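Report on the following structure.
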Amino acid sequence: MDGDLTLLLVLDLVGTFAFALNGALTAVRVAHVDIVGVVTLGVITGLGGGIVRDILLGALPPATFGDWRYLAVAAAGGLLAFWFGHHLHRLAGTIAVLDAAGLSLFAVAGAARALELGAGPAQAVILGATTAVGGGTLRDVLLRRVPSVLTNELYAIPALVGATLAVLAARGGVEEVLGAPAAVGAAAACFVVRVVGMRLGLDAPRPRARPSWPDGAGGDPGDEGPRTSTG
């Protein structure tokens, strides 16, 4: 059991580092920020999802505040991006794979954490996905970008797949028999869906055509709907 916990901790820290590195590289690429900004955005990307999850569950202070290794690993990812970001663009493919690994590990770890704190199966799936995409969403909001989870990129769906499999394994007793391998298997499924989606350029389903209003009825996406005369 201790070996399983150690393995899960290592995987969680690897996911934190991958997310922090990716988030900080995004900051270097699209924003004019200094070292504090780069590291801060890296830490937010690496730890933000778990913090949001714990706040929603009422588990305060968040778990990442109780173990210095999480903050250290996230900060290391941010510093690495700051100092060597101009070289790391050559490793874009590798970093994308690491990001997929982080997404997978966080989805599974987030769902497991939610179940541990008494959440129901459906809530655990949602919170697992929130853990996986929350940090990146916070980063994009701070950078004034449309969050990746709201685009047609195949990002949230793999997280939901991994979280769902983790919950099914826990509720079906598989996790009690296999231990950490069950969690790793759920993360692997999420990882495969994400990587295959990237390699093949697959997108999440979206409307076939943008809706259009009749002339004079308000056709901009920002409109609240058809306008009616008030006399």
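Cβ from N, Cα, C; glycine included.
As recorded in TrEMBL:
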TRANSMEM  6-28  transmembrane segment
DOMAIN    10-84  domain 'Glycine transporter'
TRANSMEM  35-56  transmembrane segment
TRANSMEM  68-84  transmembrane segment
TRANSMEM  91-112  transmembrane segment
DOMAIN    97-170  domain 'Glycine transporter'
TRANSMEM  124-142  transmembrane segment
TRANSMEM  154-174  transmembrane segment
TRANSMEM  180-202  transmembrane segment
REGION    206-231  region 'Disordered'
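Tertiary proximity for the transmembrane segment (124-142) is limited to same-chain residues at least six positions away from its ends with a CB under 8 Å from its CB atoms, namely 19, 22-23, 26-27, 41, 44-53, 56-57, 102-104, 106-115, 148-149, 155-156, 159-160, 162-164, 166-167. Sequence-distant contacts of the transmembrane segment (91-112) (same chain, six or more residues past either end, CB-CB distance under 8 Å): 8, 11-12, 14-19, 21-22, 25, 49-50, 53, 124-125, 127-133, 155, 158-163, 165-167, 170, 183, 186-188, 190-191, 194-195, 198.
Broken down with DSSP, the domain 'Glycine transporter' (97-170) shows 60 helix, 1 strand, 13 coil. Per DSSP, the domain 'Glycine transporter' (10-84) is made up of 65 helix, 0 strand, 10 coil.
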